[in-house]
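Worksheet: the structure to be examined is printed underneath.
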Amino acid sequence: MTHAVRLAQYLDQIVSRHGGHYADVGAVVLAIAEAGRKLARLLARGDLGDLSSPARAEPHIGRDGDVQKAFDVLANAMLHDVLAASPVAVLASEEDDAPVVLDPKAPLAVAIDPLDGSSNIDTNAPIGTIFTILPADPAQGPPERSFLCSGHAQLAAGFLIYGPHTALVLTLGYGTLIFTLDPASGSFVSSGNAVVIPRETREYAINGSNCRHWDRPVQRYIGDCLLGTAGPRGADFNTRWIASMVAEAYRILIRGGIYLYPGDARETYRDGRLRLLYEAFPIAFLIEQAGGAATDGRRHILDLVPEDIHQRIPLVFGAAAEVERIIELFRAPNTDRSPLFGQRGLFRQHTTPQAMRMDSLACP
Ligand SMILES: O=P(O)(O)OC[C@H]1O[C@](O)(COP(=O)(O)O)[C@@H](O)[C@@H]1O
Ligand SMILES: [Mg+2]
Ligand SMILES: [Mg+2]
């Protein structure tokens, strides 16, 4: 039997059970939660005025074609402020080209996606803030060095989700817990029960508009799901796509499922869309601590080491049995091909994804 626990209490418990070095980690988590509380209050107003508009008159278009919104910039500035007053040596952010040194003598490095799913600000769909906390590299090297280590180095990771309610999903390596914000008291409170993702699922999330660009193993996996009870899976699948990874991850933590943002044949999407350091690493840590799995198709996400703080990575996470199935399809993509993607199927088989053309689509 577990009891409701406040965030600060939980962090104290971790310190007393697992060591004093978690005190600094706890201070950083509380600082991020404080910024999240303020962001949630702002978003709850609804009318954000210019905050949901492009950040500049000459819109800054990112490498993936995204326009940086004024709210992306505001969220980044708010997180910088709280983390500058925390034991953080260096901060990397999706919104900053290079890491920013805060307190060179401090023990921790933090990487953030200040606003995930920011294309959804106007639509009232859930969006969030993702973070990972790592040990700072004590050597006086270039600031990015602290971030160029494997995902196993993470001391803590989490995300805030700003939806119908605000919640903080957190792991310090001792299970994944969800803390819900009580707007009356301002406290984040958890039931104390660790989250468990079922191994099996019949629900997947992927941006299906990119199907003609996908690599064969992904086409095969989705094709089998689409065939439902008539196909090799022998079961009907449900599909979801919110275009906000925190919202998809939250749903998977609550009721299971699998999320895919694979690499594809488009020039700028060979490595997918999501960033290894501040999107894939924290989500993989949270999902694995909840009994799920995360891969780029071939390797475990947490085994990877970024070469660059903004490096992208194909990302598949969620129900462990489905993630294993995807890894198996990448290992042996041609065995027992799905009829949906065969010669007379929905998508004709091409030797390379680049060779696929629109005229190869034939609606069933
Ligand atoms: O618009 P697409 O290609 O479907 O991509 C949506 C994905 O991109 C993201 O919005 C990327 O995150 P940012 O909003 O932080 O750039 C994910 O949250 C989401 O799953
Ligand atoms: Mg993001
Ligand atoms: Mg973002």
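Backbone N, Cα and C atoms are what each Cβ position is placed from, and that goes for glycine too.
All annotation found in TrEMBL is predicted automatically rather than curated by experts.
Reduced to three states, the DSSP call for L115 (Mg(2+) 1 binding site) is strand. Using a 10 Å radius centred on the Cβ of L115 (Mg(2+) 1 binding site) and all shown protein chains, the other Cβ atoms total 29. Summarising the annotation, TrEMBL assigns Mg(2+) 1 binding site to E94, D113, L115.
Sequence annotations record features per position, and here TrEMBL assigns Mg(2+) 2 binding site to D113, D116, E279. Note on D113 (Mg(2+) 1 binding site): other Cβ atoms within 10 Å of its Cβ, all shown chains, come to 29.
The substrate binding site annotation in TrEMBL covers D116, G117, S118, S119, N207, Y259, L260, Y261. A 10 Å cutoff on Cβ-Cβ distances gives S119 (substrate binding site) a total of 14 other Cβ atoms nearby, all chains included.
For 28-190, the entry in TrEMBL reads domain 'Fructose-1-6-bisphosphatase class I N-terminal'.
Taken from TrEMBL, the feature domain 'Fructose-1-6-bisphosphatase class 1 C-terminal' covers 197-329.
Using the Cβ center of D113, D116, E279 for Mg(2+) 2, the list of other same-chain residues with Cβ within 8 Å runs, in sequence order, E94, G117, G128, I130, F159, M245, V246, L274, R275, Y278. Of the listed binding-site residues E94, D116, E279, the Cβ environment within 10 Å is emptiest of other Cβ atoms at E94. Rounded to a whole number, the C-alpha distance linking D116 (Mg(2+) 2 binding site) with L260 (substrate binding site) is 16 angstrom.
According to its DSSP assignment, N207 (substrate binding site) is coil. Among the binding-site residues S119, Y259, L260, E279, the ones whose Cα sits within 10 Å of the Cα of D113 (Mg(2+) 1 binding site) are E279.
Working note on the binding-site residues Y259, L260: by count of other C-beta atoms within 10 Å of each C-beta, Y259 ranks first.
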